[in-house]
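Asks: Starting off with a structure, shown below.
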Amino acid sequence: MWAFIHKLGSPKWFYAISARLQPWFWVAAAVLILVGSAWGLAFAPADYQQGNSFRIIYVHVPAAFLAQSIFVSMAVAGFIFMVWKIKIADMAAAMMAPLGAAMTFVALFSGAVWGVPTWGTWWMWDARLTSMLILLFLYFGVIALRGAFSSRDSASRAASVLAMVGVINIPIIKYSVDWWYTLHQPATFSVTSRPAMPMEMWAPLLIMVLGFYCFFIALTLMRTRSEILRRESSKRWVRELAGEVS
Amino acid sequence: MAFDSLSGFLAMGGHGVYVWAAWGVTALLLLGVVLHAHAERRALLRHLRRRVRREQHHGASGGATTPVSHQEGHARES
Amino acid sequence: MSLRLQARKLACERDDRWLFRDLDLDIHAGEIVRVEGPNGSGKTTLLKILSGQLADFQGELYWNDHPMRRTRQDFLANLLYLGHSPGVKAALTPLENLAWYQALAGEPDDEAARFAALAAVGLAGFEDLPAGQLSAGQQRRVALARLELIPRPLWVLDEPFTAIDREGVADLEARLVAHARRGGCVLVTTHHELADSPALRRVRLGQGADDAAF
Amino acid sequence: MPHFDSRLAQEQGDMPLFREPEGGAGVAVRATLKRDLVLLMRRRSEVLNPLVFFALVITLFPIGISPDPELLAIIAPGLLWVAALLAALLSLDSLFRSDFDDGSLEQLLLAPQPLPALALAKVAVHWLLTGLPLALMAPLLGIMLSLPAGSYAVLALSLALGSASLSLIGAIGAALTVGLSRGGVLLSLLVLPLYIPVLIFGAGAVQAAILGDGVSAHLAILGALLAVALSLAPWAIAASLRISING
């Protein structure tokens with residue numbers, strides 16, 4: 001087990017194994033997202049209350065899921081980096097953060113657009129949207145902190161600590177925002193909490209969520225490989241690799 | 001199939017603007033992220049190749065061997 | 001009492017440049033080790049690594065033949081570190097500064113000892129002035145008073161002679177030699193040339209920087 | 001010219017080469033508390049500035065919105081809480097900054113004492129001279145915002161409780177940014193999102209008091225948040241300080 005973890009931590013080994021894994025995740029992501037999109041956009045029935053605007057759920061919910069999962073992954077990677085000093089974990093964390101921020105933005109944007117036909121306004125201080133907005137600020141904080149240090153090691157460790165502090169706070173923020181929302185807007189209709197969806201509605205949603213996760217894994221593998229080239233550019237195996245690729 | 005025609009599909013029962021705006025922005029962002037990752041990787045490889053070639057050139061010219069041996073020391077160390 | 005600080009295969013990289021590599025050190029009781037090298041050769045970094053402040057390096061540290069990770073608490077209890085900045089609060093008097101250091105080191109609260117330590121570094125009469133009103137050299141002496149106040153065998157001193165006048169330098173040098181003779185151990189960087197003594201040993205850094213210059 | 005008297009040092013000669021640290025963490029913590037209190041009392045403007053800032057921000061709202069007492073009474077709990085939060089944030093940057101600049105922070109980190117406990121002592125002083133005065137001053141500003149009667153005690157209590165959490169959480173941000181030359185704005189960016197739960201329950205407590213609902217639930221949650229912060233933040237602060245000293 002230990003040997004395996006440390007092997008996984010070796011950039012050279014990771015570079016080789018990720019090259020083999022990566023195409024599968026890209027294919028899976030493409031197939032799942034295409035199938036899910038077609039199903040969700042054209043075949044799933046319209047919602048009896050919201051009509052076709054309901055189809056925004058198929059991008060809003062996967063993006064929101066991913067936004068939260070990426071932050072948790074970042075914290076886990078930070079923990080691995082801090083405890084076992086595995087640099088790959090930190091490289092992956094550094095590469096995840098912008099995607100997480102982008103997904104948070106997608107969730108916010110789609111939520112806001114969805115608000116127009118549902119609430120008649122571009123922005124509602126809805127519990128879900130408010131939590132997402134705070135998450136976006138947390139992402140900005142981690143990215144900005146990493147960029148602020150001149151020493152790479154300090155930047156990595158500071159970003160790891162902040163990601164871990166943030167991940168402890170995310171559930172607290174989420175619950176307090178939910179609580180705050182019910183207190184101020186007791187009976188407003190919430191877009192995503194709905195009673196049992198029929199299978200034709202949630203199956204494409206599930207496919208989209210899986211597709212987004214595959215996309216996240218594929219992209220993180222790819223960008224971590226790039227980051228290895230950047231950080232280990234003075235290592236002999238990276239140089240030999242550059243010779244081969246040309 | 002929830003729609004009878006292509007125009008019905010595009011109109012989304014009057015909510016077309018919102019649905020297509022949300023989906024469009026999402027698709028653009030995913031695409032942009034992938035393109036950026038590709039460009040990043042290509043630029044890095046190009047940079048790396050240029051650096052390797054420059055160092056080989058230096059080594060062949062015979063002069064300034066010290067920095068090169070120093071560099072190779074790097075690689076051995078790792 | 002055993003006293004041995006070892007470093008094996010120490011390497012430190014900054015901005016894609018090796019400050020030093022494959023550095024082996026073995027420091028014993030009774031030694032004064034002067035770390036030498038041009039500016040930017042990593043003297044301060046090495047001292048920070050050896051005093052357990054920096055984690056970003058490769059290689060292993062051993063304190064009394066045990067890995068540093070396990071004996072960190074015991075190591076810190078033996079260490080007295082003086083950095084580039086004196087660590088003297090301008091708004092506090094020298095006495096108050098030393099009182100905090102005494103408590104921090106786990107020493108008994110002893111006012112007489114504080115007065116004696118300040119007198120030993122030539123600050124008698126300045127005990128109750130805010131340190132901000134003292135000269136740079138005097139502030140440095142407040143920091144140096146910790147050497148007289150807190151009994152620690154391993155001294156790690158980064159440029160301790162900065163801003164000290166000529167007699168002060170001679171006295172401090174004598175103090176270092178006396179500490180080594182008593183069985184203590186001094187690790188020091190300085191631009192001041194230390195007089196040769198049997199206890200003195202030199203470690204030269206900056207080989208890599210010399211290479212690059214050619 | 002004063003100079004070293006090495007003869008004196010040798011004659012004195014009674015100092016051993018090594019003495020096992022006797023005073024435990026308690027002694028070091030008490031000394032750190034005392035030192036920081038003395039330091040802040042000697043630079044009184046650092047204690048007063050957040051209070052003046054608090055009063056100033058509160059003055060801006062009636063001018064910017066409306067002097068109508070009824071409107072002000074509605075928004076008063078939130079305004080007071082937000083302004084107090086910003087005032088506390090303002091003073092955070094200096095929490096470790098001067099220690100970092102003059103080298104005492106290195107010494108703090110190298111002391112053979114538990115760093116989380118020492119960091120906690122510094123945070124406690126920060127709360128004592130920032131959070132607590134803000135809490136005591138808030139009812140006064142409440143009067144100026146026509147805060148309804150019956151909520152003044154809850155306002156002070158919730159701020160006193162909440163600002164302790166704010167100091168603890170904020171100290172993590174301050175510790176992370178102390179090594180950066182322009183850490184001030186970044187510090188707010190890191191810390192403000194983490195302040196939101198405290199703000200929600202703090203302002204909620206005052207609102208509940210105005211509405212005549214029970215406030216014990218809010219205060220209990222504020223207490224719980226403080227307990228969580230107390231148990232986790234010192235370790236995060238210690239880890240962050242070690243990172244910052246690395247440069």
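Cβ atoms are placed via backbone N, Cα and C, with glycine included.
Found this in TrEMBL, in case it helps:
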DOMAIN    A:13-184  domain 'Cytochrome c assembly protein'
TRANSMEM  A:21-44  transmembrane segment
TRANSMEM  A:56-84  transmembrane segment
TRANSMEM  A:96-117  transmembrane segment
TRANSMEM  A:129-149  transmembrane segment
TRANSMEM  A:161-181  transmembrane segment
TRANSMEM  A:201-221  transmembrane segment
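Could you give the neighbours, burial and distances for every feature on this list?
Replies: Tertiary proximity for the transmembrane segment (A:21-44) is limited to same-chain residues at least six positions away from its ends with a CB under 8 Å from its CB atoms, namely 55, 57-58, 200-201, 203-205, 207-208, 210-212, 214-215, 217-218, 221-222, 225.
Remote same-chain partners of the transmembrane segment (A:56-84), defined as residues 6 or more beyond its termini with a Cβ less than 8 Å from a stretch Cβ, comprise 5-6, 9, 36-37, 40-41, 44, 90, 92-93, 96-97, 99-100, 103-104, 106-107, 110-111, 113-114, 128, 132, 135, 138-139, 142, 156-157, 159-161, 163-164, 166-167, 170, 191-192, 204-205, 208-209, 211-213, 216.
Here the transmembrane segment (A:96-117) has Cβ contacts under 8 Å with residues 50-51, 53, 56-57, 59-60, 63-64, 66-67, 70-71, 73-74, 77, 123-124, 126, 128-129, 132-133, 135-136, 139-140, 142-143, 146, 159, 191, 212, 216, 219-220 of the same chain, all six or more residues outside its ends.
Tertiary neighbourhood of the transmembrane segment (A:161-181): same-chain residues 68, 71-72, 74-75, 77-79, 82, 93, 125-127, 130-131, 134-135, 138, 141-142, 145, selected by CB-CB distance under 8 Å and a gap of 6+ residues from either end.
Sequence-distant contacts of the transmembrane segment (A:201-221), counting only residues of its own chain at least 6 positions beyond either end whose CB sits under 8 Å from a CB of the stretch, comprise 18, 21-22, 25-26, 28-29, 31-33, 35-37, 39-40, 43-45, 47, 57-59, 61-63, 65-66, 69-70, 92, 95-96, 99, 103.
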Asks: Which sequence positions outside the transmembrane segment (A:129-149), separated from its termini by at least 6 residues, show Cβ-Cβ distances below 8 Å to it?
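Replies: Non-local partners: 64, 67-68, 71, 74, 94, 97-98, 100-101, 104-105, 107-108, 111-112, 115, 123, 155-156, 158-159, 162-163, 166, 169-170, 173-174, 177-178, 181.
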Asks: Mean pLDDT, the domain 'Cytochrome c assembly protein' (A:13-184)?
Replies: 91
